[in-house]
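J.: Straight out of TrEMBL:
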- B:Arg102, B:Lys142, B:147-153, B:177-180, B:Glu185, B:His208, B:262-263: ATP binding site (BINDING)
- B:106-292: domain 'ATP-grasp' (DOMAIN)
There are 2 protein chains.
Amino acid sequence: MTPVTKKIGVLGAGQLGRMLAIAGYPLGQKFGFLGASHEEPSALLGHMYTEKDEASSLSELIAFSDVMTYESENTSVELVRKIAETTPVFPAEKSLYYSQHRGREKGMFDSLNIPCAPYQVVDSLESLTQAVDEIGLPAVLKTTTEGYDGKGQFVIKETTQIDQAWKEVGGRELILEGFVDFSRELSIVAVRNVDNQHVYYPLVQNVHHEGILRYTIAPARQISEEVQTQAEQYMKALLDELDHVGVLTLELFETVDGLVANEMAPRVHNSGHWTIEGALTSQFENHIRAITGLPLGDTSPRQEIAAMVNIIGETGPVKDVLTMPKAFLHLYDKAERAGRKLGHINLVADSEDELYQQINQLSAFLPKV
Amino acid sequence: MTPVTKKIGVLGAGQLGRMLAIAGYPLGQKFGFLGASHEEPSALLGHMYTEKDEASSLSELIAFSDVMTYESENTSVELVRKIAETTPVFPAEKSLYYSQHRGREKGMFDSLNIPCAPYQVVDSLESLTQAVDEIGLPAVLKTTTEGYDGKGQFVIKETTQIDQAWKEVGGRELILEGFVDFSRELSIVAVRNVDNQHVYYPLVQNVHHEGILRYTIAPARQISEEVQTQAEQYMKALLDELDHVGVLTLELFETVDGLVANEMAPRVHNSGHWTIEGALTSQFENHIRAITGLPLGDTSPRQEIAAMVNIIGETGPVKDVLTMPKAFLHLYDKAERAGRKLGHINLVADSEDELYQQINQLSAFLPKV
């Protein structure tokens, strides 16, 4: 055991746990995972506690762990509170509590003067109709909890669609969000450690297709210093308000009136995967540093420009990727399934031209538009 | 299982296996290790087959593996031959057979016209005395097999020391090597895959202290294109002669008459650890690509200059390392012990000055001279 060694327990055993472990072992850390089976992406990268007998698996993982973390913003707040009675868990329950409910999250944005779309929580056809009246159309109707990758959403363009929207995603608590006229989707990854050190990655540009992130350009082009600083100020406010420890990600819209917050995730994020080879310290390593009481690493890019291209649904011609000098393959060891994130490819380049040439070579991995 | 997934069995579970696994998982590979205990550096990074019942552990590892490799040039040739009857093992036995015996190794250098020190295999005080007479002094007396990190060596400076030298390291087959008057110790890492693709990393400069590598500068400074090409030609000759698959490392002396081969290792090498962050593809990833039938990755450095500083004996102030923006910590999860390699620190820099400033900051990890 070296002086920095900690045993880290991860709730979940998917690709995020896998990449946390790959980043954490070189720091001397050890990993354990709570997962559904020994086939999960993290299964070979540490002690695996399977959920066949969930209560005892969880107890064993807690007993193993010096500190714990989790993969999903849908992790139970009650569970995290319970674990925290005996074992440190980061991010703490407050980050989860706000992140996993779009209404609470937007309330926090408001209270911190972080611009976001007009919104209203609704729980009936009547309240939805009234909200549409106040917010205007188009607007997006979403579940307040648990939606991701565009699931559980309905874009209402005309009042005639209100009934249909309620039928399709309603019957539970929803949030109606006013439409934001944006030029680009951006995101920022920030990290705070137990000693209150804050670091920020540059804003990146994200391109989605059918609700799923397809690729990220990092840093986003043509971002002024003022806009980067603005994003960092929003993040600092959130990190401090939440007393957040670990990585926090904020998705933003770029509009003519400035940045508008969309949603946050209290975890390492797909739009931060470029940092593995693209930044001096990856988001994964910085999350591990943050939760284990280590100094945070430098977040500067290692090259002019980088990109991350997701591998979705089918593994595709990954051998061809290995012949590209500046491409880095990251597979998650998951079976193919429509819409599933199976891996990603990081790219580094000395110029935008060079980067887009590489992205063009990866057309097999990108949606046909 | 993705199309590129292979199960890789590693004979050994030390830091080399650990770093092979960390490099291999992103390619979708899975790992199993044969090791002495669950406390070894690779233990948490794959299926662990411990040697408590070595025969059955080995059988289980073979059954697990699509392809096998090993950490040490001292792996039994007979064992590798036996495994190869059922399961591919790379590098194959020929590479081992020549690498693990200094006499055979030098015979191969001779046959391929790769310059090396004059040498003679001796097995008695008489033959040693005769060899000293022919080769001259100073000369180094070494065991023909198994020595590493300067162990089992005796530098004979005067004929009066011959008796003492024989007493200290003799009583078995030895090799006497003529002294090479060198300006620098260099090494080159090369890789050949099953499809006969060859790639070469740049020559690096190594600084040893008491027989142990302390730091590497990569690429070595002031190496002409001709010298790099010469080194690559030597490596190509060796790779082809051995029908080698995987990483092969050659240690060389830089002399006024050109490069002189010292010894080779049929494996990833300490002097190649800089490639993890320093090159577009690390030696570990390229070894995995080579033995699993994948195209080899680009070996170009990612920055002007890089370095690797070994952490020897004591873990030292590694938290301070984490505050250095361009330093990358790699711990092996090994207990402290004098002379033991516990980890390394990679550095990247835009200039030699910047690099040496960083190395100076790491003085706690370097021998006091």
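Placement of Cβ uses the backbone N, Cα and C atoms for every residue, glycine included.
Here the structure is a predicted model, which means the values were calculated and not measured.
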J.: Which three-state DSSP class does B:Val180 (ATP binding site) fall into?
T.: coil
J.: Under 8 Å Cβ to Cβ from B:Asn262 (ATP binding site), same chain, six or more residues apart: give me those in sequence order, or none if nothing qualifies.
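T.: Within the chain, B:Asn262 (ATP binding site) has Cβ neighbours under 8 Å at B:Cys116, B:Ala117, B:Val180, B:Glu185, B:Leu250, B:Glu251, B:Leu252, B:Phe253.
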J.: Could you tell me the mean pLDDT over the domain 'ATP-grasp' (B:106-292), as a whole number?
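T.: Per the prediction, mean pLDDT sits at 95 for the domain 'ATP-grasp' (B:106-292).
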J.: By a 10 A CB contact count over all chains shown, which of the binding-site residues listed here is most packed: B:Arg102, B:Lys151?
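T.: The residue with the densest Cβ neighbourhood is B:Arg102.
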J.: Cβ atoms within 10 Å, counted per site: which of B:Glu177, B:Val180 has the most, among these binding-site residues?
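T.: Most Cβ neighbours within 10 Å: B:Glu177.
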J.: Quick check: in three-state DSSP terms, what is B:Lys151 (ATP binding site)?
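T.: SS state of B:Lys151 (ATP binding site) = coil.
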